[in-house]
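Taken from TrEMBL as is:
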type     : residues : note
TRANSMEM : 39-57    : transmembrane segment
TRANSMEM : 69-88    : transmembrane segment
TRANSMEM : 181-202  : transmembrane segment
TRANSMEM : 214-231  : transmembrane segment
TRANSMEM : 243-268  : transmembrane segment
DOMAIN   : 287-404  : domain 'RCK N-terminal'
DOMAIN   : 428-515  : domain 'RCK C-terminal'
Amino acid sequence: MKNSIVSLSYYLESSKNYTNFKVFTRNILENNSYKYKKYFDFCMIFLVLSTIGILIYEVNHKKIHILDLYEYVAIGIFAFEWLGRLWVYSDIRKRVIKDYEQALFLSKKYSVLRSLRKAFKEKIDFIISPMSIIDLLAILPAYRPLRVLRIFLLFRLFKILRYTNSLKEFLNIFVERKFELYTLAILTGIVIFFGSTIIFVYEGPEGVNDKINHYFDAVYWALITISTVGYGDIVPITPEGKFVTLILVINGFLVIAFSTSIVTTALAERMENIKRTRVENEVQKLNKFVVICGYDIMAKNLIEELLKLKKKILVVDMDEEKILKAKDKNVLAIKGDATNMSFLEKIGIGKSATTIIALNEDDATNLSIVLGARALDKKIRIITLVNEQEVESKLKLAGADFIINSNQITAYVAGEFIGQPVAFEALDGMLLNENISAFIDEIEIIETMNIIGHDINSINFEEYNLTLIGVIDSANNHEFVFNPVNVEYILKQKDILIVIGFEESLKELKSELLRVESRN
């Protein structure tokens with residue numbers, strides 16, 4: 001028996017089909033970021049609402065056989081869902097393997113019953129959890145009134161929606177402020193007890209107030225009064241009862257004021273987490289986006305240019321004011337520490353982010369960002385700002401693909417402007433003046449283009465009124481080859497042509513190269 005269970009555990013652990021199916025089941029039931037989970041949740045929500053609708057319909061209508069069949073099918077699906085959650089809650093095989101290997105390591109006798117007892121206890125923890133109990137009540141067909149509790153499934157099933165994480169953050173407020181809320185509840189209970197006792201003593205005797213016949217009536221009146229609802233179905237008629245009413249109304253105002261103050265204060269403190277959760281949910285939906293770490297004037301200008309190229313952008317900074325300024329540019333922005341690898345992983349580094357740009361004034365911060373990003377993703381493009389030239393070699397060693405030395409660039413620009421002001425003005429106007437139709441563009445040589453393997457001079461740029469500035473050599477560490485027209489340069493896949501000209505001419509050349517591709 002013992003050997004069979006251990007062998008079965010190892011067999012299941014080594015079975016790809018079993019592990020993959022369990023991972024799929026866990027994702028579809030528990031993983032909010034799993035792309036197919038929302039479809040499952042929508043179906044379950046529909047089942048819950050439709051079965052609740054059937055229960056409501058049957059209150060004043062005769063039962064319809066087909067609706068009964070539909071409800072039993074829905075109950076069967078609820079049962080399979082509960083069994084699935086019970087299955088993925090813990091792994092019995094891992095418990096058996098862990099205990100077995102630990103016993104071998106310590107040279108002790110292995111007890112399979114002890115392992116099964118531990119595994120069974122984990123399953124019991126799930127079964128007695130509040131949501132599991134509600135699930136069980138929802139799938140009991142014999143107790144039709146209790147199936148109304150299925151409506152509570154909505155609180156679990158709606159977690160796929162955007163604001164559900166915000167709802168969980170809101171519910172955490174009551175956990176964090178439980179001491180204040182407990183104290184307020186105790187004081188309120190004491191006031192209700194004394195108020196209901198006094199009103200019952202003075203107006204409960206027979207013939208005084210025909211609306212208060214039992215102590216429960218007094219408690220009901222006190223609770224309605226202190227909540228400031230005041231239905232008016234029970235009204236005190238004695239002076240003592242009216243005095244108690246005044247006391248309860250005043251206490252009711254205080255209870256509402258205190259409870260509102262407690263909740264709003266805690267909500268304000270957790271608002272940052274709610275905003276962070278919302279942005280993280282938005283980031284999970286992004287595909288091929290750029291992460292900019294640090295928001296300043298350079299980042300602001302960079303964002304404007306990237307938006308023109310219709311790039312998706314996420315800004316990260318530790319300063320809340322800078323985050324608000326970035327959001328004014330209609331881009332996603334999140335407050336966080338970009339030097340933290342777990343935070344980088346949360347915002348998509350290693351998944352869907354294609355480029356990360358570190359623009360902090362502190363070189364040590366930029367170096368940490370580069371190291372973290374490269375550790376998470378070997379292929380991501382990393383661009384970083386450097387302030388001290390001595391740090392540049394360290395950034396390259398850490399994995400930066402391109403380094404921006406702002407001081408060096410400023411010196412170069414000033415030198416060129418002083419030495420060749422006319423040429424500088426021409427290039428400046430060409431690059432930065434949006435009213436000029438001529439601009440610089442890049443053309444990547446893709447796999448099936450017929451031009452691969454041919455000399456670059458076989459392209460007649462003059463025919464398209466274009467000028468070739470250079471080519472980025474993909475085979476030589478992306479080295480820039482300036483004006484290779486006068487030399488023999490064989491084009492290769494992933495080479496990038498840097499061309500200057502008018503927009504229509506560039507479109508015509510690209511279309512011609514693509515037509516060459518389609519003919520083949």
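Placed from the backbone N, Cα and C atoms, the Cβ positions cover glycine too.
Please treat TrEMBL annotations as automatic predictions, because they have not gone through curation.
Per-residue confidence over the domain 'RCK C-terminal' (428-515) averages out at a pLDDT of 77. Scored by C-beta pairs under 8 angstroms, the transmembrane segment (181-202) has its highest count with 214-231, from the stretches 69-88, 214-231, 243-268.
Counting residues per DSSP class in helix, strand and coil order gives 50 helix, 30 strand, 38 coil for the domain 'RCK N-terminal' (287-404).
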